[in-house]
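Quick notes on the structure that follows.
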Amino acid sequence: MTSLEEWFDDAISDGKIRKIPHEEISKGKLLSDGSFGKVYLAECNSIPEKIVLKKIKKCHIKEKEKDILFAFIKELKIHSNLDQHANIIQLYGISESENRNSYYLVIQCANDGTLSGFLKEKRDTLDWATKISLAKQMADGIHYLHSRDIIHRDLHSRNILLHDGQIKIADFGLSKDINSQTSSTFRILGATAYIEPKMFTDIRYKKDKRSDIYGLGVLFWEISSCCIPFKDLNQQALMGQIINGLREDPLPDTPFKYMELYRHCWKPEPKDRPLIQEVCHRLESIRIDLVFNPALVDLIDELNDKLDSKLHVSNIDMQPFGKTNENNGDAKKDNLRQYLQNEHHNLTWYQRVALLESIVENLQSIHTKNYIHCNLHIGNVLKGKLDYEIEIAGLSYLRPVEETGLSKELYGAPPYTAPELFQGLPHTQASDIYSIGIIMADIASGGKPPFGDDYSSVQLALAIIDGLRPKFSYGMPRCWKDLMKKCWHENPSQRPNVNQLLEEIREILRFGSKWVVENIDKDGTDASSVDINMSSVEQEVYSDLATMMICLDINSNNEKKNESEKENQSLSKF
């Protein structure tokens, strides 16, 4: 008895696999005929829908074909360990031919065929809502497999089937000639487009869960285009081009965050790809109205290149953000709040102003390209290893200036949201400048939340409309305070543009250590005569002394005034 027969008998006796008597099955149309078996459309008395029979001949279960045997067993074992899932093709059981010289896998029939065929047929009618739904279903199926530590390892659009419009992931390890929809040529060459570069460059590399993620990225592009990837390229030459970074170009109508996701999935280094949990989460956050624009991708690539040259780290991790979530996608960088909380007592005001300059320089790169960030908050500002190297993340919300009037959708972190946005006006570059003003409050306070936890989102929105702004930190320089006020002015037209803001910041830095703010507030509540090279501890000491000197000066003036009045009274007696 062969190992297949042994496992076959054990699986049936243990109840893992259902044995279906051959008498119940009526073979129909031959779907394919390979060297090691045939695939039929069929019917079964105990199964209400049509089925597919995948056949393997016992005469081919020999030592020289043991890879076929092991692949067959692998598919049986994987299916036996899976519960029924909406996006996994269902294995009904195993059958044996009447003459007992062959085995059959009895599998659910997918009436809409392969994904590649479905996309080709529906190319002119598929809308983006349907395309995103297909991508979500595919990701859900892979999530189910990965949660059970099962790696597909062979994702491509002929291993993804559809039944009544629903995605069904199929083919968990059968050899190329047993695959119902796949010829030998396709398995060897055609799947190249879906294979990660490391498989071509490292003979010791073993596929893992992130290998499936690469295949998903290519499939997501295929869904967006309704075309097989690289269909016009020589398949043998394609391998080298993929190693050198060749990927398909996005289509102009692609939702931006969808495009961003599949570019993330097909990164060359496995460690840089997201896990399937993140893929599913990001698919849920996609907005169809925000579509791909080639100029926007060029801008993001330019920002990535600029950052790479300064920080020598991998590309910007452009992850989607919720309304209040902070970016945690890059372990090599802190978001600015973390950095400020750790370094608050060591930072001089000069260093804080220099940090602000770097942030505004990044924003200038966006604004000069006629884009708006739309979701600027401290969690989307990342601090590199060098002193003043800053990266603005959360780029998935970037929108062209000319398109913002088309949608008044509100998104962003409420504490950093300009009041006009709460009143239904669209995002503008001036609303980004407002956010900079709130980030300035963060920098001054050492990363404390600008409004604490005293407000719900609705309460905070109403309060901001009514003029609520962060409190000024003790010892804050006058010019910093004045610049904040300009940035968060309730009237967007009164806020400086990014070039004006950058010039004012550089004007402060030009004075350097010689700069001391003049005109201390005489009520002592704003001790603003503070050298920008002082640390926060030094500022507090200096501010206390300054306040004391103000009081002494006032008392001295009062005493002189009283003495003068007494003298005048004395003189008046004469």
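Numbers here mean position along the shown chain, with the first residue as 1.
Quick reminder: no glycine exception, Cβ is built from N, Cα and C everywhere.
Features reported for this protein in TrEMBL:
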- 25-296: domain 'Protein kinase' (DOMAIN)
- ASP154: active site, proton acceptor (ACT_SITE)
- ARG158: ATP binding site (BINDING)
- ASN159, ASP171: Mg(2+) binding site (BINDING)
- 286-509: domain 'Protein kinase' (DOMAIN)
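Every protein chain considered, the tally of other Cβ atoms within 10 Å of the Cβ of the residue listed as 'ATP binding site' stands at 24. Packing around ASP154 (active site, proton acceptor) is summarised by its Cβ count: 22 other Cβ atoms lie within 10 angstroms of its Cβ, all protein chains included. For ASN159 (Mg(2+) binding site), the number of other Cβ atoms no farther than 10 Å from its own Cβ, over all displayed protein chains, is 25. Taking the C-alpha positions, the distance from ARG158 (ATP binding site) to ASP171 (Mg(2+) binding site) comes to 9 Å.
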